[in-house]
Amino acid sequence: ALALGVSFLKCLLIPAYYSTDFEVHRNWLAITHNLPLSQWYYEATSEWTLDYPPFFAWFEYVLSHIAKYFDPQMLVVENLNYASRATIFFQRLSVIFTDTLFIYAVHECCRCINGKRSAKDILEKPTFILAVLLLWNFGLLIVDHIHFQYNGFLFGLMLLSVARLCQKRYLEGALLFAVLLHFKHIFVYVAPAYGIYLLRSYCFTANNADGSLKWRSFSFLHVTLLGLIVCLVSALSLGPFLVLGQLPQVISRLFPFKRGLCHAYWAPNFWALYNAMDKALTILGLKCNFLDGTKIPKASMTGGLVQEFQHAVLPSVTPLATLICTFIAILPSVFCLWFKPQGPRGFLQCLVLCALSSFMFGWHVHEKAILLAILPLSLLSIQRAKDAGIYLILATTGHFSLFPLLFTAPELPIKILLMLLFTVYSFSSLKSLFRRERPLLNWLETIYLIQLVPLEIFCEIIFPLTPWKRHFPFVPLLLTSVYCALGITYAWLKLYVSVLTERIPVRQKAE
């Protein structure tokens, strides 16, 4: 019923606004349908060149052979920004249809939930709450079915791989994740969690009584099987391009470091705070005559353009610097997964921390990448009150940070209504689930989240009526990004403190 209900809602959103990502995927349909494999990663008629891994390109190729029955004109490479009714209907419908994999993955994740918190009313059962938090996730709804992308089936692959690992079907989980990496390479951020967990739980088959690793239990066969899976999937995906001598070209498309530190607007992470501090120091320096205005770069990262940018006061950030910061941020969670094993729960904690750490410090991070942390954290939120509180902060702040993606007037009531419905349900259901425990949020966290309401009122209603809109059009994006960055940073730190300070019973370690 939940799946049918959300599918019906997705159908109602078919006529809604769509972003440039709609044209991106139409162009990829045309490229893969008309051109030989050797030209897929060289074609540049449109500015929206193919920059996803080969499995996704083959996915577009399959879709294109269905698309020709709806409107063949959408498959013409030169038909830039082509959007007939049939094209819109087909592309929207393809997202809805491929979401069936996500629905199945949610079902499998719900099967992995233990029944310690049983309830007579089905609406209060942890499995039902989890199903709603995943199937009706606000961020996934607006990003895929209004803004337009294919995240649903990709997150379906991720959740299904998580479910298989929880069910101790390690090879299936490894295969699914390997395939996922060759559909969308952003999931490489959580690869350390998969790698360490599989090594700790599958390649080493036993622990000592105190929970420490029994080194003699190492299985060379298990390592070989995992290696074969990775090699075979990689060969199937990248092998044709290796034979054609085009692997460097494919890699350059997948990792375009020239795009700049931040995406179209600042994703709410550490670099948003860093950039805001640089701008604040620049303004202060100019007013106090500490800086020469003629030597300050004119380019601005708040103009909505994807470009390289030199900071005026603080040191400029390079791709290598972000890689080092991300590695350092991920390291403690990986150590915890190895030295403080907690089974599937520890794996999920590490996965979320890897996702959040890469979101906080990664290069050219998209604001939509916050879903990579919110969705798996949903599985933890129904197990412990502490994790439920962190989830409410991260989900509310992360989802609010997606509001600027839908900037057209007709979508304003839609995004506010969907956000309110999801947020109210999240708070009420988790509060009911943990009603016998302490409050999920303290007073300071509650005040922070409530302040999102006046922030939205200012950005959507008050600011457009002021003369500032003409001279400083970037202010709403700046305020949203920086304010949400504070909440996401806090949630990241709180989860890290929880994981690092958590004590694990010896019996649980041994298990």
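Cβ coordinates come from backbone N, Cα and C, glycine included.
What TrEMBL lists as signal peptide is 1-19.
The transmembrane segment feature in TrEMBL is assigned to 126-143 (among others). Tertiary proximity for the transmembrane segment (126-143) is limited to same-chain residues at least six positions away from its ends with a CB under 8 Å from its CB atoms, namely 2-3, 6, 9-10, 13, 102-103, 106-107, 109-110, 113, 117, 119, 149, 151-152, 155, 159, 368, 370-371, 374-375, 378-379, 381-383, 395, 398-399, 402, 405-406, 415, 418-419, 422-423, 425-426, 429-430, 433.
The transmembrane segment annotation in TrEMBL covers 173-199 (among others). Counting only same-chain residues 6+ beyond the ends of the transmembrane segment (173-199), those with a CB under 8 A from a CB of the stretch are 52-56, 59, 154, 157-158, 160-165, 226, 229-230, 233-234, 236-238, 254-255, 326, 330, 333-334, 337-338, 346-347, 350-351, 353-355, 357-359, 362, 369, 372.
Within its own chain, the transmembrane segment (219-244) is flanked in space by residues 37-38, 41, 53-55, 170-171, 174-175, 178-179, 181-182, 198, 202-205, 250, which lie at least six positions past its ends and keep a Cβ under 8 Å from the stretch. Per TrEMBL, transmembrane segment is recorded for 219-244 (among others).
The transmembrane segment annotation in TrEMBL covers 320-340 (among others).
If you look at the transmembrane segment (346-365), the same-chain residues 6 or more away from its ends with a CB under 8 A from one of its CBs are 162, 165, 189-194, 196-197, 201, 256-257, 259-263, 267, 269-271, 306, 319, 322-323, 325-326, 329-330, 332-334, 336-337, 340, 372-373, 376-377, 379-380, 394, 488-489, 491-492, 495-496, 499. What TrEMBL records for 346-365 (among others) is transmembrane segment.
The transmembrane segment annotation in TrEMBL covers 413-434 (among others).
Residues or ranges marked as transmembrane segment in TrEMBL: 446-466 (among others). Note on the transmembrane segment (446-466): residues 392-393, 396-397, 400, 403, 412, 416, 475-476, 479-480, 483, 486-487, 490 of its chain, located 6 or more positions outside it, place their CB under 8 angstroms from a CB of the stretch.
For the transmembrane segment (472-493), the residues of the chain that approach it from at least six positions outside its boundaries are 265-270, 272-273, 276, 300, 302-304, 353, 356-357, 359-360, 370, 390, 393-394, 396-398, 400-401, 403-404, 445, 448-449, 451-452, 455, 458-460, 463, judged by C-beta separation under 8 angstroms. The transmembrane segment annotation in TrEMBL covers 472-493 (among others).
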